Amino acid sequence: MTSVIYPGTFDPITNGHLDIIERSAVIFPRVLVAVANSPSKKTLFSLEERVELVRQSVAHLSNVEVFGFSDLLANVIKQHNISAIIRGVRTTIDFEYELQLAALNRLLTKGVESLFFPPAEKWVFVSSTIVREIYLHGGDVAELVPVPVFNALKAR
């Protein structure tokens, strides 16, 4: 079975992320969403909370699995027999950075390719960073995040 992986910090998962996951789930029989533990990043939600929020957000997708990881992505890819890495690219700045990561991951995994998904037009401006900034300044993020994330933010 072809399996792809969509790695990210997802702090929090946004509707842009969810759109990419849903589109990937239509194309591929198995999509793994790998929620990264990034000690160098100051996250709003813990790894466990982020994994659970992603799980709740993709519960309607039967071919999507969610897990957290702290290892090198290349090692996770080898452990799960991954065929390709899914990445979202919003801008040319994203693309340049992702191109470098794709080359590195291809080297470290002995050939696993990265597939770049542009966002749907209505999500092109959405990022986890922007969502956190709006939230931390008291703004309304209801239209930018899945319902489980919005509820978790309201409860904080």
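Every residue, even glycine, has its Cβ placed from backbone N, Cα and C.
Taken from Swiss-Prot, the feature ATP binding site applies to T9, F10, H17, G88, V89, R90, E98, W123, V124, F125, V126, S127, S128, T129. What Swiss-Prot records for T9, K41, L73, R87 is substrate binding site, and it gives sequence analysis as the kind of evidence. What Swiss-Prot lists as site 'Transition state stabilizer' is H17.
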Can you check which residues sit near V124 (ATP binding site), meaning Cβ under 8 Å from its Cβ, same chain, 6 or more apart in sequence, and list them in order? G16, R90, P118
Going by DSSP, is L73 (substrate binding site) sitting in a helix, a strand, or coil? helix
With every protein chain in view, what's the tally of Cβ atoms within 10 Å of the Cβ of K41 (substrate binding site), excluding that atom itself? 10
How long is the line from the C-alpha of S128 (ATP binding site) to the C-alpha of R87 (substrate binding site), rounded to the nearest angstrom? 15
Between the binding-site residues H17, R87, where is the Cβ count within 10 Å the lowest? R87
Tell me the Cβ neighbour count for V126 (ATP binding site), meaning other Cβ atoms within 10 Å of its Cβ, over all protein chains shown. 22
Taking only the binding-site residues K41, L73, R87, which one has a CA atom nearest to the CA atom of H17 (ATP binding site)? R87
Need this for a regression test: binding-site residues K41, L73, R87, filtered to those with Cα within 10 Å of E98 (ATP binding site). What's left? R87
Under DSSP, is S128 (ATP binding site) helix, strand or coil? helix
Would you kindly give the Cα-Cα distance separating V126 (ATP binding site) and K41 (substrate binding site), rounded to the nearest Å? 19
